[in-house]
Amino acid sequence: MEGGVHPLPDTSAFRDCFALTWKNPYVLRLAFSAGIGGLLFGYDTGVISGALLYIRDDFKAVDRHTVLQESIVSMAVAGAIIGAAVGGWANDRHGRRSALLAADFLFFIGAVIMAASPGPATLIVGRVFVGLGVGMASMTSPLYISEASPAKIRGALVSTNNFLITFGQFLSYLINLAFTKVPGTWRWMLGVAGLPALLQFSLMIFLPESPRWLFRKGREEEAKAILRKIYPAEDVETEIQDLKDSIDKEIREEGTSEKINFRKLWQTKTVRRGLIAGVGLQVFQQFVGINTVMYYSPTIVQLAGFASNQTALLLSLVTAGLNAFGSILSIYFIDRTGRKKLLLISLFGVAVSLGLLAGIFHQTTTHSPMSKFGWLALIGLGLYIISFSPGMGTAPWIVNSEIYPLRFRGVCGGIAATANWISNLIVAQTFLSLTEAIGTDMTFLLFGIVSVVGFFFVIVFVPETKGLPIEEVEKMLELRPLQYKFWEKKKRPEGTMEEEEKLDKKNQGV
């Protein structure tokens with residue numbers, strides 16, 4: 001039994017999700033409103049590839065200097081790195097809701113600046129503002145949803161954030177196609193991004209702060225009122241007591257409920273184990289090569305032998321659609337299968353598909369023209385995306401939203417999101433250079449090797465948090481031994497049986 005957690009019956013998890021959200025639409029409203037932050041994230045990562053083609057037509061300096069093209073793309077990622085880092089602090093200091101409102105404001109300002117840009121310099125400034133907003137939203141949205149969700153359906157609700165990320169990417173390709181014949185082309189493509197930011201700001205302004213953050217700040221009555229709206233009457237008092245016990249324990253251990261000691265952050269075993277798992281997952285998410293597919297999918301399609309720009313863009317739209325479909329699968333399976341098992345299945349599929357792609361590209365460079373293997377390459381890409389999206393696309397964000405003790409949740413989530421964006425930037429900046437230096441086949445093989453390493457990393461370091469109330473995660477990390485000898489049957493640590501029985505009774509409503 002992973003981490004002392006007795007799993008809920010698999011056949012009931014998805015049914016429970018719909019039943020609970022149907023009976024209590026308030027929970028779904030919270031999740032959807034916060035999840036619009038994922039839509040901002042996804043739209044921005046997808047829209048710039050199409051917009052850049054028309055920016056080069058309007059600004060000849062951009063067309064002449066590739067450094068300007070790279071800056072327009074990468075400065076948003078640089079802004080996201082800073083936004084994620086600052087967002088971690090802002091989440092713990094000012095609250096999850098306030099951080100989301102700040103992210104929306106920054107994103108909206110950035111969209112307006114980009115749409116009205118008179119030149120490349122102003123456009124880059126707008127990209128930085130957008131990046132700051134995306135970085136803050138990328139780690140705050142899943143955190144807010146996680147803390148406002150019942151344990152049984154927490155995974156499915158956080159998965160809605162990832163669905164909106166992938167839907168945002170799909171939407172960006174549609175918007176790019178829709179505005180190709182409209183005067184102002186790229187200004188519309190980039191300016192439209194301000195609308196979902198405005199929508200989320202309008203929704204969040206009327207929604208409450210995270211109940212767990214309120215409880216942490218001593219605003220217990222406000223927190224209890226929100227928890228009573230989220231949980232069924234028979235569960236809410238238990239949740240409130242667990243939350244109170246968790247915070248009381250932190251105060252006893254540290255002597256204060258406010259000051260965060262960064263030295264102790266790493267020295268505390270539960271936080272350290274959470275960071276290793278959370279940061280590791282975020283790094284592997286990028287280093288298995290997903291954003292090379294999303295950023296450079298038209299290029300990859302052309303490498304596969306489809307030279308027409310229009311054909312490449314249309315096939316890229318299919319790629320984005322598969323990514324969105326995979327995130328829907330995640331909503332279905334994440335609370336049935338569990339985070340860890342879904343991650344392992346995902347990484348296995350990713351490794352196989354990358355091996356297939358490496359073999360196809362190697363064959364074409366040594367024996368046959370690519371046109372003979374073009375459709376096989378597209379099948380390999382499709383298999384890659386449908387393997388990645390339900391597991392590695394979603395689970396790292398879910399795990400990071402629930403694995404840290406409440407006291408450090410914002411800061412640790414910010415550290416993990418920052419690691420994700422730094423890894424994103426490294427992969428995006430090196431992919432084309434790698435294909436030129438070692439060839440497309442060896443580049444895909446390298447990503448495949450990383451996937452295999454990630455598979456064993458998940459086995460050893462990542463715990464299962466399926467169905468586990470957030471306040472119980474810290475206890476689980478404290479008791480769970482690392483599986484260095486993963487091939488051996490794991491022995492339960494002393495004291496785990498009591499925790500299992502307690503949780504089992506809680507999950508069954510006893």
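Using N, Cα and C of the backbone, Cβ positions are placed for all residues, glycine too.
Per TrEMBL, the feature transmembrane segment maps to 30-55, 67-87, 99-118, 124-145, 157-179, 185-207, 274-297, 312-335, 342-361, 373-399, 411-432, 444-462. Residues or ranges marked as domain 'Major facilitator superfamily (MFS) profile' by TrEMBL: 30-466. Residues annotated as region 'Disordered' in TrEMBL: 491-510.
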Positions on the same chain near the transmembrane segment (444-462), where near means CB under 8 A and six or more residues out: 273, 276-277, 280-281, 284, 287-289, 292, 339-340, 343-344, 347-348, 350-351, 354-355, 357-358, 361, 392, 399, 434, 438, 482-484, 486
Ranked first among 67-87, 99-118, 124-145, 312-335, 411-432 for CB pairs under 8 angstroms with the transmembrane segment (157-179): 312-335
Cβ contacts the transmembrane segment (312-335)/the transmembrane segment (411-432), at least three under 8 Å, sequence gap 6 or more: no
Confidence summary (mean pLDDT) of the domain 'Major facilitator superfamily (MFS) profile' (30-466): 85
Leading contact stretch, 67-87, 99-118, 342-361, 411-432 vs the transmembrane segment (373-399) - CB distance under 8 Å: 342-361
The transmembrane segment (411-432) in contact with the transmembrane segment (99-118), cutoff 8 A, at least 3 CB pairs, sep 6+: no
